[in-house]
Structure formats: structure tokens, C-alpha cells
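For 55, the entry in TrEMBL reads active site, proton donor. Among the features that TrEMBL reports, substrate binding site is placed at 116. The domain 'NADP-dependent oxidoreductase' annotation in TrEMBL covers 21-276. Annotation comment: TrEMBL describes 84 as site 'Lowers pKa of active site Tyr'.
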């Protein structure tokens with residue numbers, strides 16, 4: 001399991017520190033929206049930004065950071081940038097796809113690069129070519145990792161079976177697994193696999209696409225703690241050592257979501273939230289991909 005170095009960061013298996021709080025940029029489109037979100041996030045203390053080839057905002061994110069970092073007295077080394085290989089670039093196109101991400105961001109290197117999805121765009125979920133494409137993509141990421149262009153490499157949306165397949169065949173273990181995680185989807189088996197092999201388990205969609213902020217229990221706990229439901233859901237993850245990536249383009253919401261480190265949920269509340277677990281996925285389901 002990735003060890004905690006401070007309340008605001010975790011140490012990956014590579015020895016690199018990754019902030020526990022990052023800004024998710026899914027659905028942040030266009031130079032202006034990206035710029036203002038990054039500005040608000042840097043002002044609120046965010047030091048990590050999560051993008052992907054399929055988000056089509058890597059270039060805008062890179063430009064915004066180059067413009068805004070000096071405003072906050074920061075350099076490239078002060079921020080942690082994640083991006084992801086698109087499913088269309090699995091296999092033989094992986095090198096081209098990863099180098100395109102590097103070029104679009106134009107920040108010298110990428111702190112963490114993930115395989116976004118276990119399947120290949122254009123192939124059926126049960127296509128027997130998927131495992132070979134995953135292996136080829138991973139070998140490409142290992143090569144770029146050895147060159148220092150990708151400081152750490154990992155995967156997203158992998159199931160326990162995909163993780164075990166990768167761990168058995170790889171030269172470099174994945175540093176991070178990024179998946180959907182919230183009280184209705186506690187991912188116990190995946191977290192166990194990550195703990196066993198020293199993989200940092202990272203959450204996306206901590207609010208269940210917004211569905212959980214109106215859950216009566218979440219609202220009750222938020223009221224009792226004088227916090228927002230979003231803060232409670234994010235704190236539930238962070239308190240378990242799980243990094244989070246809340247996404248928003250609203251400056252007030254971005255600031256609000258960063259206030260996770262000045263309160264603690266009691267054990268009863270943590271357990272009550274975890275008891276909501278019912279295997280509910282609000283995003284993609286990778287379980288059918290062979």
C-alpha cells in the first residue's frame with residue numbers, strides 16, 4: 001500500500017510524492033474554461049491536475065499551467081500532471097499516442113501516465129486481441145518510463161483480473177490504479193490487490209456523478225459536521241488514504257472541494273458511509289472486457 005507521507009500527499013512505489021487532492025478535468029473544454037478552472041484550483045491549493053487524451057484538453061491544460069504557475073510563484077516541478085492513453089491507441093499505436101500526450105501538454109514530462117481503459121476502441125469487449133494490446137501498451141509505457149518522459153505509469157478502470165494479468169507479466173509494476181470509488185462502490189477486492197502489490201488506489205467520480213450528494217445519510221452527516229455533502233464524500237476517501245480528483249469549473253466549488261484536511265469524520269460516520277456499498281457503478285463498467 002502507498003504509505004502516507006503527509007495528510008496532503010502519498011508516496012508512490014516509485015518514491016515520488018503525489019498530492020491526495022487533484023483537479024479532475026473531464027468535460028473541461030476550451031482554453032478559457034480550462035484556464036479559469038486551473039487558476040481557481042492553484043489559488044485554492046491544488047497541485048495536481050488529471051487529464052486524458054480523450055478529454056481533448058491536454059494542450060489547453062499545458063498552456064494554462066505555463067501561464068499561471070509564475071503567478072503563484074510555482075514551477076513545473078511543483079505540480080503533478082496525470083494524463084491517459086486513449087483506447088484508440090492501444091497496442092501498436094501506444095507510442096504514438098503517448099508521445100502525442102507529451103507534445104500536447106508540452107511540459108517536458110508527465111508525472112503519471114495511465115492506460116485509460118482495458119479494452120481497445122473498435123474491438124468487441126470479448127475480442128481476444130484485447131489482452132495482447134494491453135500488454136503491448138504497457139511495454140510502451142515501460143519504455144517511456146525508463147526514458148524519464150513518464151515519471152510514473154499506471155492503469156485506470158482495470159478489474160482485479162486485469163490487474164493480476166498485468167502484475168504477472170510486467171517488468172514495472174503499475175504505480176497507480178485509478179477507478180470509480182465512493183460509498184456505494186467500495187471496491188474491496190481491487191483495494192486488496194493494490195495493497196498486496198504496493199499500488200496506489202486512486203478514486204474518480206467520488207460523488208457518484210452527483211447522485212450521492214442528495215443521499216439522506218450523506219446529507220445528515222454533512223449537516224452534523226457543518227460541511228457540504230461533497231466534502232463529506234471526498235473526506236471519506238481521503239481519510240482512508242485514497243487520493244481524489246473532484247472535477248468542477250465553478251471557482252467556489254473548486255475552493256470548497258479543497259477543504260478536506262481541516263476536519264475528520266468519526267468512526268461511526270465512516271462505517272455508516274461504507275455500509276452504503278452495493279456495487280453501484282455510475283460510470284463505465286470494465287468487467288466484461290476480456
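In case you wondered, yes, glycine gets a Cβ from its N, Cα and C as well.
Curation plays no part in TrEMBL annotations; they are all automatic predictions.
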Least buried of the recorded positions 84, 116, going by other Cβ atoms within 10 Å? 116
So for residue 55 (active site, proton donor), how many other CB atoms are inside 10 Å of its CB? 21
Measure from the CA atom of residue 116 (substrate binding site) to the CA atom of residue 84 (site 'Lowers pKa of active site Tyr') and give the result in Å, rounded to a whole number. 5
Whole-number Å distance separating the Cα atoms of residue 116 (substrate binding site) and residue 55 (active site, proton donor) is 11
